[in-house]
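Q: First the structure, which I've put down as structure tokens, then a few questions once you've had a look.
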């Protein structure tokens, strides 16, 4: 078999930020506490970004001649009801306690609405279910998928407005003389209070009996920025939805993992709207992750699908992967969970098609962004933080520059990266990205990327970039200009508050 080579387009711009400095660079270090930004510490050692596979593809892995390659996924679990003891566990409505809800046929289960549910009985049953699906406590993800109702009253719009209507009816049954306005106010308070008790109580139970797992609810947080039909769609989360997320502070404080979703419909195929949609959903998740403790954010794992939700036979294109995976990685989250239903592997020729897609499209891009993110963390953040965009609206991505690297598949089916980073690659990181320090850690950005001598980053089955960079340019003050520079700097310092500096400043100049 011949060697298959990928020459990756560097989607969006890769700024050529290299070149010899023509001017003096004066680094004035302001107090650290004014500029620090945090992200959750990696949940796995030496793994800046975690890939999670949550697809029932056992048929594509076991007892097949050419299995799909899952070597880049650190956590693998099937969402099948029969699967237990996995590092990623997804609890649907029928797998965790006695979740009160109303099904599509309007049949009420366990009381139907939260106010009529039995919390004590629910928690007893939930404990049994957790112990069944997670028999031993070791590092893993525990995601509760309760989508029948939302804990925020106003978010239960059609068809979920049945929960509001039933709640109002409950109040009216207890007090027939009450007017509709007062009944609605009372119903809202009762519904939201009971919803909080069920969700908060379930999280506390899970954390108590399986504390090493990261507990949270699927689709939380959400910001409902999906009105794609409006003119000049900008992806921004509506202020009212951000305020509603603020009102769910009890949920964010109790969660040890956040699990938002950025699934795409086909209308967003290769679309700028998809970029903006994903961007601001992830940014809202980052904001929410800091509610409990800004210096110790909650880990964020973003759910994606490899197909369009309304056209499940069509896989995402490379541009779509950039709009989802690329956006998520560039903003500095903990990882990505790839989910899909059984049909992904059961469709006609499902496994061979999935295997080919992963081999030629998905896995090479995973290699691309993961190694770029690790290289940025190592060189810019000294491995004490992860890289995130300096500017929220930026289209900068953590990609390997195709003029420096190529990603190959060897005859043995293994991936390898050819090439080595150049100074311009590292300076691209420092120009467009900042260091978000890992929780409770002090990190300092590399001030001069030309000082980097070695790069050594790996992922998966020994897929690495190992390189020694060339000698640095010598920096010195140009003859005859030293006095002018010192005079200018002294003038600047004289007009600044005396206590602003806590670190030494550096003055670097190079010859043209």
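All residue numbers here begin at 1 and follow the chain in the order shown.
Each Cβ is built from the backbone N, Cα and C atoms, and glycine gets one as well.
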Q: According to Swiss-Prot, one residue in 156, 179 is annotated as N-linked glycosylation site; name it.
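A: The candidate carrying the N-linked glycosylation site note in Swiss-Prot is 179.
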Q: What Cα-Cα separation, expressed in whole Å, is found between residue 381 (disulfide bond) and residue 60 (disulfide bond)?
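A: Cα to Cα, residue 381 (disulfide bond) and residue 60 (disulfide bond) are separated by 39 Å.
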Q: Return only the integer: C-alpha distance in Å from residue 376 (disulfide bond) to residue 147 (active site, proton donor).
A: 37
Q: If you count Cβ atoms within 10 Å of the Cβ of residue 381 (disulfide bond), leaving out that atom itself, what do you get?
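A: The answer is 25 other Cβ atoms.
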Q: Would you pick out, from the glycosylation sites 63, 165, 179, 368, 408, the residue whose Cβ has the largest number of other Cβ atoms within 10 Å?
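A: Most Cβ neighbours within 10 Å: 368.
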Q: Using a Cβ cut-off under 8 Å and a sequence separation of 6 or more, which residues in the same chain sit near residue 237 (disulfide bond)?
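A: For residue 237 (disulfide bond), the qualifying residues are 223, 224, 225, 280, 281, 283, 284.
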Q: Looking only at C-alpha atoms, tell me how far residue 464 (disulfide bond) is from residue 368 (N-linked glycosylation site), rounded to the nearest Å.
A: 11
Q: Can you grab the distance from residue 63 (N-linked glycosylation site) over to residue 408 (N-linked glycosylation site)? Cα atoms, rounded to a whole Å.
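A: Roughly 27 Å, rounded to the nearest whole number.
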